[in-house]
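Read the structure below first, then the notes.
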Amino acid sequence: MKKNAKMKAPTATKTAAKTPVVDYRVSKEAMENPEVFAKLAKWGREEIKIAETEMPGLMALRKEYKKQQPLKGARIAGCLHMTIQTAVLIETLVELGAEIRWSSCNIFSTQDHAAAAIAAAGIPVFAWKGLTEQEFNWCIEQTIVGWGKEGFNMILDDGGDLTNMMHEPRFAKEMKKIIGISEETTTGVHNLEVLVKQGKLKVPAININDSVTKSKFDNLYGCRESLADGIKRATDVMVAGKICVVAGYGDVGKGSAHSLRGLGARVLVTEIDPICALQAAMEGFEVTTMEDAAPLGDIFVTATGCCDIITDKHFMKMKNNAIVCNIGHFDIEIDMAWLNKNSKMREVKPQVDIHTLKNGKQVIILAKGRLVNLGCATGHPSFVMSNSFTNQVLAQMELFNNRDKYQDIAVYRLPKHLDEKVAALHLDKLGVKLTKLSSKQAKYLHMSPQGPFKPEHYRY
């Protein structure tokens with residue numbers, strides 16, 4: 001659709017998958033009231049303009065590639081948090097020639113004004129804050145159906161929900177048209193690797209998460225700012241002086257632990273990996289088990305990507321009014337199923353619930369055990385998301401235009417020179433002056449003055 005196309009009322013048609021097809025679906029209030037829709041869309045557009053000034057990587061790609069239209073013919077189904085920053089990503093893909101249908105990858109992460117702004121621009125989007133599980137799946141289905149006879153040919157995913165749905169037998173016909181997948185996050189990459197091991201992955205995929213300019217920036221620096229933002233918006237708690245427990249010391253856990261320590265907390269870390277545990281200890285954190293930490297913590301943060309990190313035995317040991325939240329992708333890290341069955345819950349405000357246990361103690365759960373930084377705040381800052389999303393655009397271009405390089409069905413990473421390009425596109429915004437290698441220096445190091453400057457195995 002053209003960016004300034006007039007909005008149509010949602011209409012339903014029959015499809016092979018027997019799923020109604022509509023042009024867009026955003027918050028109920030916006031769908032029912034044109035004035036609310038217009039107000040939300042205007043607000044969203046103003047914030048998108050501000051975000052663009054903080055997302056130099058995406059804006060540089062628009063400038064560099066707009067005339068070439070490298071994504072002309074790419075029809076992309078996207079499933080990624082529908083935020084203001086994602087709106088800039090979507091419109092960058094459109095600027096480079098792509099057609100888009102979009103849904104969110106989390107039931108609470110959508111910013112309704114961002115979704116309205118994208119819908120008002122004529123781009124099909126299916127997302128609103130506070131989806132039910134049924135609505136969540138319906139929204140993803142809308143990115144699969146509704147393309148017409150041509151169908152779509154690219155997947156841009158975050159967490160693997162769209163990828164997994166596309167691998168269901170009911171969408172086998174649609175899957176045959178897919179060229180490739182780009183996956184944003186740790187959980188989704190793990191899902192792809194499982195599909196490969198099982199021999200079930202149908203198309204090549206690019207792992208965005210392990211690009212250095214994603215994992216070492218989004219996961220680390222992004223969480224370092226957005227975790228505390230979510231906790232403080234939700235609870236107004238004073239972090240200084242508190243005992244905080246961070247489960248997991250990968251990049252997300254590192255950012256979370258340093259964030260809380262920076263606010264004056266005493267931070268305990270739990271880990272399964274001896275290397276990460278040693279890192280945490282060498283950086284001054286006490287490393288212990290959740291069993292030992294449960295009665296000590298005032299604030300608990302899970303950041304593992306695994307299930308059953310905080311379970312019934314931990315809840316029963318916690319202090320009264322302990323705050324529990326998650327910054328991993330899914331709500332399986334905290335055993336919400338057990339908690340919901342074995343406590344009385346009352347909502348304090350949206351995304352903040354008090355659960356009273358059978359022992360009389362209360363536990364404060366944020367974002368219902370889902371992503372606290374997006375459920376209780378607005379997620380990572382625009383600048384760091386520009387790193388991640390620039391990788392996404394380059395990955396879509398790679399898969400779409402260089403298909404010969406990705407004939408084998410596997411999970412790939414972006415080439416090192418593109419990772420370095422992403423970083424380079426963000427330097428001017430920070431006033432960075434980069435030193436240039438002389439020809440003599442380059443010869444001594446056996447590399448091109450233009451890079452790549454590090455081998456693939458370098459860990460940064």
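Heads up, the Cβ atoms here are built off N, Cα and C, so glycines get one too.
According to Swiss-Prot, the features are:
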BINDING   Thr83, Asp158, Glu184, Lys214, Asp218  substrate binding site
BINDING   185-187, Asn219, 248-253, Glu271, 327-329, Asn373  NAD(+) binding site
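Cα to Cα, Glu271 (NAD(+) binding site) and Lys214 (substrate binding site) are separated by 22 Å. Put simply, the two farthest-apart Cα atoms among Thr83, Asp158, Glu184, Lys214, Asp218, the recorded binders of substrate, are 18 Å from each other.
With a cut-off of 8 Å between CB atoms and residues at least 6 apart in sequence, the same chain places Cys223, Ser226, Leu227, Asp229, Gly230, Ile327, Gly379, His380 near Asn373 (NAD(+) binding site), listed in sequence order.
A 10 Å radius around the C-alpha of Asp218 (substrate binding site) takes in these binding-site residues out of Thr187, Gly248, Gly250, Val252, Gly328, in sequence order: Val252. Sequence-distant neighbours of Thr187 (NAD(+) binding site) (same chain, 6+ apart, CB under 8 A from its CB) are Gly159, Gly160, Gly305, Gly328, His329, Phe330.
For Glu184 (substrate binding site), the spatially nearest entry among the binding-site residues Gly248, Gly250, Val252 is Val252, judged by CA separation. Just so you know, of the binding-site residues Gly248, Gly250, Gly328, the Cβ with the fewest other Cβ atoms around it within 10 Å is the one at Gly250. For Val252 (NAD(+) binding site), the nearest of the binding-site residues Thr83, Asp158, Lys214 in terms of C-alpha separation is Lys214. The binding-site residues near Asp158 (substrate binding site), taking a 10 angstroms Cα-Cα threshold over the set Thr185, Gly248, Gly250, are Thr185. When secondary structure is read from DSSP and collapsed to three states, Thr187 (NAD(+) binding site) falls in the helix class.
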